[in-house]
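Here is what TrEMBL records for this protein:
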TRANSMEM  39-59  transmembrane segment
TRANSMEM  71-95  transmembrane segment
TRANSMEM  101-122  transmembrane segment
TRANSMEM  129-149  transmembrane segment
TRANSMEM  169-189  transmembrane segment
TRANSMEM  196-219  transmembrane segment
TRANSMEM  231-251  transmembrane segment
TRANSMEM  258-279  transmembrane segment
TRANSMEM  291-313  transmembrane segment
Amino acid sequence: MYEVTESTTPTAIAKSPYPVKTSEWDLHDIYQLEELTQLITHICNGISMFGVGCVISVKDFQRKETRLPKAVSIGLFLQTLIQPLTGFLLAMLLQMSKYDALAMVVIASAPSAPYASVLSYWGDGNVALSVCIATLSTALSIGMMPMWFFLYSSVWSRQHFIVAYPLDIAQYLLLIIVPVGFGMATKWCMPKVSKYIARVCSIMFLSSVVICSLLYLIFHTDHFRAGWHLYLSALLLPFIGFFLGFLMAFVLRLPYEVCIAISLAVGSVNGPLAITVALHSFEGATKVVQVVLQLPAIYALFAPVEGIVWSLMYKMVDEVFSKAHPALCGTGSV
């Protein structure tokens with residue numbers, strides 16, 4: 001889906017300190033296992049996004065109190081500009097190796113994850129806003145990901161560049177737009193039933209987190225034999241995104257539900273897309289592929305769990321303070 005032209009020589013690859021396998025069959029196995037995991041993830045995400053569509057309507061995109069243009073602009077600013085910079089700074093501060101740093105740049109440059117909409121649903125955030133940010137950031141990634149990778153990766157290597165193809169971006173957009181569209185149509189046709197469908201589909205998202213986590217742990221054991229700095233970076237990147245997203249929206253006096261949606265959208269990066277990028281970016285070099293996949297695999301395992309914790313925390317805050325301070329919670333403006 002994404003392609004990187006590289007001039008890495010076999011001699012340079014052989015100098016890697018990582019003891020990994022080198023046969024073509026091993027590389028084939030890596031791609032087969034990743035494709036299986038990605039397929040399951042896409043199916044579960046599609047079901048989850050269908051549920052998201054069941055709780056929103058066209059009117060949700062037209063509500064004046066949401067201040068949608070302003071909210072979307074803030075979310076895209078943080079997602080497409082600040083998060084890549086955050087990933088770059090983390091790689092520098094943690095003194096990551098060459099390929100670990102490149103993997104971090106790929107992850108940090110990826111667009112907002114579709115599952116952020118499910119997290120907003122659980123956290124009583126603005127679901128329609130989450131869908132907008134995920135859709136637009138995915139569309140922008142056709143240019144933003146190659147640009148940030150070219151800019152930041154040059155600190156460690158000038159041998160790689162990413163080319164994003166429009167058809168591949170369209171595929172990820174369809175995985176958002178089509179299920180959400182069917183969900184909205186379902187709500188329009190069966191408004192009383194749609195809310196129950198949404199609950200079932202949101203549970204499917206939780207199931208997908210568990211299933212994919214088990215698949216990664218079973219089939220990709222080598223990816224988790226990583227240093228502490230990879231685990232720390234995988235935990236810090238979403239945390240910083242969640243925190244900065246809420247802080248900036250709060251300071252700009254947006255409604256609490258909008259603050260939640262922006263926070264969860266910025267902190268939730270599209271892990272499956274980042275893994276796809278990592279796979280195709282370093283295709284053909286087994287050692288490099290296995291090293292580069294470590295951080296995306298760790299991130300894809302922990303980021304959704306961290307997002308669930310934040311969404312439940314936001315819901316608890318809303319329930320505790322909504323009655324005493326309606327201006328700070330619910331739909332009231334700060």
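Glycine residues also receive a Cβ, built from the backbone N, Cα and C atoms like all the rest.
Curation does not apply to TrEMBL; its annotations are automatic.
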Counting Cβ pairs under 8 Å that are 6 or more apart in sequence, does the total for the transmembrane segment (258-279) and the transmembrane segment (129-149) reach three or more?
yes
Are there residues at least six beyond either end of the transmembrane segment (196-219) with Cβ under 8 Å to its Cβ atoms? List them, or say none.
33, 36-37, 40-41, 44-45, 47-48, 50-52, 54-55, 115, 118, 121-122, 183, 186, 297, 300-301, 304-305, 308
Contact check, the transmembrane segment (71-95) vs the transmembrane segment (169-189), 3+ Cβ pairs under 8 Å, seq sep 6+:
no
For the transmembrane segment (39-59), give me same-chain residues lying six or more residues beyond its boundaries with a C-beta closer than 8 angstroms to one of its C-beta atoms, as numbers and ranges.
114-115, 117-118, 121, 127-128, 130-131, 175-176, 178-188, 194-195, 197-202, 204-205, 207-208, 211-212, 215, 272
Could you check whether the transmembrane segment (169-189) and the transmembrane segment (129-149) come into contact, where contact means at least 3 Cβ pairs under 8 Å with the two residues of each pair 6 or more apart in sequence?
yes
Long-range neighbours of the transmembrane segment (231-251), counting only residues six or more past its ends (CB under 8 A):
71, 74-75, 78-79, 82-83, 86-87, 90-91, 94, 96, 104, 107-108, 258-260, 262-269, 295, 298-299, 301-303, 306-307, 310, 334
Looking at the transmembrane segment (129-149) and the transmembrane segment (291-313), are there 3+ C-beta pairs under 8 A, with each pair at least 6 apart in sequence?
no
